[in-house]
Each structure stands twice: as C-alpha cells, then as structure tokens.
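K.L.:
First the structure, which I've put down as structure tokens, then a few questions once you've had a look.
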Protein chains: 2
Amino acid sequence: MQNHEKWMRLALQEAQKAEMIGEVPIGAVLVHQDEVIASAHNRRESDQQALAHAELAVIEEACKKLGSWRLLDCTLYVTLEPCPMCAGAILQSRVPTVVYGARDPKAGCVGSLMNLLDDSRFNHQTKVIEGCLAEECGTILTAFFRRLRAKKKN
Amino acid sequence: MQNHEKWMRLALQEAQKAEMIGEVPIGAVLVHQDEVIASAHNRRESDQQALAHAELAVIEEACKKLGSWRLLDCTLYVTLEPCPMCAGAILQSRVPTVVYGARDPKAGCVGSLMNLLDDSRFNHQTKVIEGCLAEECGTILTAFFRRLRAKKKN
C-alpha cells in the first residue's frame, strides 16, 4: 500500500485544487510505469461541463500522451469511488488497475451500487483496490458539504 | 415516431462518416428545442482516444453550446445502444430522453446487459425509446464487421 499512498496523496492535492475553486473536491492521477502522466480535478461547475470529472480528464490526457486508446501498464488513482460514466471510461480505456479512496454510497459503481469493473459480460475487467487513504479522501468531501450547507443556511 | 426518424437519419449520416474513415459506424445527434446543436461519430481509432464515442462528443459539444452541464429540453439520438460510459454521461448531463436504433447485446447498458438509465438509485432517470430505424442502424454495423472479417481473411 506504501506506493499507492504516495500516488493517492497527489490525487488528494488535485482534490484540494478543486476545493479552492469551489468544486466538489475530487482528484485523480494516472500513473504509467511509475510516472504520473496525467493529473486532474473535478471542474464540472467551473467549466459547466457534464464530462469534466477528474477520471475522464486523466484518461483523455493519458490517451493523448501515449498516443493510444489502450492505457496498458497504467494505474488510475482517484479520491472517490467512480460513477457509472467514469467506471465505463475505465473499461473503454482498458486501464488494468484502479485505486480509490472513499466509497460513494449514492452513485459509486465500483463496489457500492454495483461493480462495473468486475462484470464478466464486458470484454475487460479492471483490478480494484479500494480504501487507500479513505479517511483523508472522505474527510475533504464531508467538510466541503458541511461548509456548503452552513453557507446556504446563512 | 415520425420526427424521431428524421433525427435518427442524421445520426445515421454521422455513422456513415465514421464508416468512411474506417471506424465502427456509430453516429449521434443532440437535439435541443427542435434544433440539432451537436452531431458526431465514433472516432476512437482515428484519434486513438478511448473517450471518442459519438455520444460523449455530442454531450461535450452541447454543454459548450448551452453553457450548462445540465442538458435540459434535449433529446439524444444514437444509432447503437449506449455502453456504460455513454449511459453514465447521459445521466451526468441529465438528458431527459434518449432514442436509439440497434441493440448492442455485448455491451449495451440501456436494456441489453442492464439499464443504467432506469435505476432509481441514481439521482436521474432518462426516458428511453429504442428500435428507431433499428434495421438500418444495425445493418450498417453488421456490413462493416463482415467486410472487416473478409479483409482479415485475405
């Protein structure tokens, strides 16, 4: 888990960047052969773009960098359990391993509501490691939503 | 169904554009208040981009055009049943209605393997109309794969 935590700390730094611009703090990095080739954070509100999730951004960037839609030898680190769109993009890009932090009981599709990454009916399955720095990854989100509720109340 | 067929013919034209550049022929258009605001086709191989599905391209473009991640008053037309990534993007962008042509028994997540657009655990559900010009939408695909197999054989 030691190395996974190192990369997840970078994903958490991305989540903090999201927080600083008022976005739900979720971050991701994509590691290829022990090197970060893409890092991104949620920008849905800033960009007014439904696709602007951290995972999609790193997958798009990594395909460009590697010149291939197949992200072999890659590991995707993300602070929150992926939604169906992002889990689907992980399947489409053939990412071999995903490491995530906190669970998303409301929309997570990699263990919570279902597991799209371990469904033998699809032509790809992805290895999943969950719970990496789960507390930090979860705390940054709950603190964000607590502040948001307090702000709305005032 | 009359109007749906009119828009689906435009999606089929997009599928033909994909075919002409050697891509699996799948096309989509996004209609907002009786006007096409985005049209696209599959470009995965040409762009070497895992995200380059027709549906994602029209959703991205439509968010830009409307300046919002919420695609209200929109209908997405696509020649093939969406995969998990594209079904997830439809949920994320809150598209109210999706019309598709042929079923995808191998990876379709809007009726075939599952229906991600009608799962009450998510915070959005999308109305689905399937089978619009299903024969044309399916034939262009089966003909493409038949030619591909013949080419590989030679």
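Don't overthink the numbers, they just go from 1 along the chain as shown.
Quick reminder: no glycine exception, Cβ is built from N, Cα and C everywhere.
Pulled from TrEMBL, these are the listed features:
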type	residues	note
DOMAIN	A:2-111	domain 'CMP/dCMP-type deaminase'
BINDING	A:H53, A:C83, A:C86	Zn(2+) binding site
ACT_SITE	A:E55	active site, proton donor
K.L.:
For the binding-site residues A:C83, A:C86, which one has its C-beta crowded by the most other C-beta atoms within 10 angstroms?
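P.N.:
Sorting the candidates by Cβ neighbours within 10 Å, the top entry is A:C86.
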K.L.:
Give me the Cα-Cα distance between A:E55 (active site, proton donor) and A:C86 (Zn(2+) binding site), rounded to a whole Å.
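P.N.:
Rounded to the nearest whole number, the Cα-Cα distance is 6 Å.
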K.L.:
Secondary structure at A:C86 (Zn(2+) binding site) (DSSP, helix/strand/coil)?
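P.N.:
SS state of A:C86 (Zn(2+) binding site) = helix.
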K.L.:
Mean pLDDT, the domain 'CMP/dCMP-type deaminase' (A:2-111)?
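P.N.:
The predicted confidence over the domain 'CMP/dCMP-type deaminase' (A:2-111), as a mean pLDDT, is 97.
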K.L.:
Same-chain residues six or more away whose CB lies under 8 A from the CB of A:H53 (Zn(2+) binding site)?
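P.N.:
Result: A:I26, A:N42, A:R44, A:C83, A:M85, A:C86.
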K.L.:
Just to be sure I understand the packing, how many Cβ atoms besides its own are within 10 Å of the Cβ of A:E55 (active site, proton donor)?
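P.N.:
Within a 10 Å radius of the Cβ of A:E55 (active site, proton donor) lie 28 other Cβ atoms.
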K.L.:
Looking only at DSSP and grouping its letters into three states, which state does A:E55 (active site, proton donor) belong to?
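P.N.:
Helix, per DSSP.
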